[in-house]
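One structure is given here, and the rest of the page talks about it.
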């Protein structure tokens, strides 16, 4: 194709993504759009087609973004090329959302006609506005008995400030309103800007590792053209590769002769090393490079850290390779090697949030067959020492000696909780219990309230989300962003088994709750750790001070079984002998800590005030 034909083709391209809160019907809408445009034959169609990971389908959530090309013949008789970039809705995957939005010109905002706007809907809308996207509101699930489209239309205008007078009323499940959505995309979403004749600039928004073809890049072409046989170059590190294949996804990969400005597709170039590519990097041609890279993405900082250790220590290298491959596909995962006396060699990993951590652990166990032990998650604390230094510490075992600590700061988040009015009391009580500071409260409509709190991230990491859902019968929606570091009265609590510290069980706790928390864990461990041949004391300590203790009684053989009557001194002799043996065992014996013990530190049952 000559450059004029390419420019005409570019006029017909529409790149859009679908944004919504969890469960508002985003993946179902994507399915309907694929059916309507006949991208997927009815034989291949299955629910949540774009959620390709088993894990996504089981949990009913979207984790990875996906990019699909569709052809749609509009009412004006022209055929348009639509690129649908599917995005996750969960707060932990905001990074995935921001990456997909950067590759689009428009966004379809799906709002549930019964539930209305939720906290994550807002968060994603603001991301879309940051990227200057054309936003098309769609009110979904209008066939539900509880649907109230007019109220939701008003809500979109009041809360977000978008004109919702032309919002499409749709039901993705029943297939209502799908054509109107496609027509609006064609009419309202602008064609990609960009110059076909300029040097190639392609933004990598995702990548996957293929055992045969190496790393496959998913790109959005911003300027220029790329075709097989070209030599491409990464702008961040200057590495160059020969393109073997380019193409698009119609969920399946389909090879093409070229990818031109505005296209969303993949490039395979026999890239062997995972480390050579980075999501957010710019690809250009080696013989005609672009003068400067694209903006890319802002680097995401992990919020939650945890140690991952293989249960079989010989799987350490497998774990490293698995993490490298996952990192390729999930740019926000970070990891570095660490060792623990209790657990051996493993990695300290950084995640965006708890769901992200859960998903990574499950993917490692499923896709790479590695059995893992995971330590309690912690956040990054800033420690000001008496020497005037500031240390950033995410691992409790790296905490300096308490005598050298001047003050400790912990991250606070600004939490937005949207909740029906009747549950406001329960939410406020929960936030207060989690050391939250009340900021403000706005009424969205007669029934729904947006409550804003400043809460320490460490409190959210444990079980805030579960507690929030259960105390509001699942009606609350929640979104958070890091706001600042504040000084707090924090202490490090060590757990001692048989007098030895178990480094993997250490955790950071607020001084006020230290005693209760210590007591709770000691009692929990007592139930979980199997009885030994000798007595095992379990202690919780802050520095040198023991705050709680519980003993696991020894198992003992009945050495008096053979004595029928007889002198009491004979019995005493046997008991003393047994006692001496137990004492010797205790001196040299070590205690096996089962995996549940590490998990119990996580799921602190809050029978106490904490």
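Every residue gets a Cβ built from N, Cα and C, even glycine.
Since this is a predicted model, take the numbers as computed values, not measurements.
Swiss-Prot has this to say about the protein:
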type    : residues                                   : note
BINDING : 23, 24, 25, 26, 27, 28, 140, 141, 142, 143 : GTP binding site
DOMAIN  : 11-193                                     : domain 'tr-type G'
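Confidence over the domain 'tr-type G' (11-193), given as mean pLDDT on the 0 to 100 scale, stands at 72. According to DSSP, residue 140 (GTP binding site) is assigned to a strand segment. Counting other Cβ atoms within 10 Å of each Cβ, the lowest count among the binding-site residues 140, 142 belongs to 142.
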